[in-house]
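*Asks:* Here it is, the structure, as structure tokens.
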Ligand code: PSU
Ligand code: MN
């Protein structure tokens with residue numbers, strides 16, 4: 001597939017796509033609005049290196065000067081990591097930022113959409129957006145879930161943080177007909193910890209098995225993505241329960257400040273880093289790297305299949 005003409009694709013990524021070699025998409029909201037500087041840019045660089053080490057080509061995605069970009073250079077990553085002029089862009093924000101010629105860091109939803117327009121089928125991130133706690137009141141459900149129902153990309157994450165209602169997120173993924181494959185486990189992982197108390201709907205134990213599910217889905221014309229949920233490595237995990245008080249505090253602060261809409265998730269992520277004095281950030285970075293390794297292997301298996 002030829003990338004959509006409105007995308008700017010780096011030569012390296014374009015060549016890999018032409019040769020049907022494995023390419024792994026990466027998001028940029030995690031850089032601009034998910035982690036503090038300088039850990040954010042260090043993470044972005046390391047994750048790209050891991051994907052290359054595994055024999056795939058990384059394609060970090062963002063909108064710069066109104067142009068959707070597939071594959072970025074180190075100056076671009078630095079800009080995303082430091083500039084206040086970068087807005088958080090989900091799918092509904094893409095047209096506005098493109099028309100205004102602005103800079104945007106893409107969420108899971110927006111990254112999926114742009115990756116698909118480029119012909120990339122595998123995307124690695126840290127955590128998915130989902131159904132927020134109290135959504136029956138606020139209606140706050142991430143467009144990441146809508147996008148998973150629409151766009152043909154497999155998204156590798158470490159599950160969802162318990163800032164969200166994990167049970168309702170799983171129910172919604174079922175309603176939206178999104179396959180959820182837990183990697184090497186029967187449990188749905190909760191980002192910082194390997195278990196959420198919820199069973200995963202399905203399990204995969206090898207990259208080839210994930211690739212086979214992707215191929216079967218799209219071969220049958222069942223449109224939409226897949227959520228591959230990869231538990232944080234045991235050595236890096238923050239035991240279930242240890243984050244509860246922090247998350248309750250962050251949610252209470254969110255409520256007190258009246259923060260809502262697209263600012264809610266970035267506020268919660270930043271507040272958790274603050275409240276844990278950075279220990280949560282160490283776990284966050286470790287799980288993204290772990291996901292990068294798996295994502296590259298899935299992309300290789302899918303390209304080979
Ligand atoms: N969860 C994380 N880290 C993140 C995000 C979520 O643990 O960086 C980001 C992702 O870009 C995700 C977005 O797509 O937040 C979801 O935002 P919202 O809840 O506003 O849809
Ligand atoms: Mn929201």
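Keep in mind that glycine also has a Cβ here, set from the backbone N, Cα and C atoms.
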*Asks:* Which of 57, 108, 122 shares the substrate site with 88, 142, 143, 144 per TrEMBL?
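*Replies:* Of 57, 108, 122, 108 joins 88, 142, 143, 144 in the substrate site that TrEMBL records.
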*Asks:* Checking the recorded positions 108, 143, 161: which ones have Cβ within under 6 Å of ligand 2?
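*Replies:* Checked recorded positions vs ligand 2; nothing flagged, none.
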*Asks:* Identify which of the following binding-site residues, namely 108, 140, 142, place a Cβ less than 6 Å away from any atom of ligand 1, and list them by sequence position.
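*Replies:* If the test is a Cβ under 6 Å from any atom of ligand 1, the answer is 108, 142.
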*Asks:* Just checking: which of 27, 140, 161 have a Cα that is within 10 Å of the Cα of residue 108 (substrate binding site), counting only these recorded positions?
*Replies:* 27
*Asks:* By a simple count of other Cβ atoms within 10 Å, which of 108, 143, the binding-site residues in the record, is least packed?
*Replies:* 143
*Asks:* Quick one: Cα separation, residue 143 (substrate binding site) versus residue 27 (active site, proton donor), in Å?
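*Replies:* Pair distance, Cα basis, whole Å: 15 Å.
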*Asks:* Round to a whole number and give the Cα-to-Cα distance in Å for the pair residue 144 (substrate binding site) and residue 161 (active site, nucleophile).
*Replies:* 14
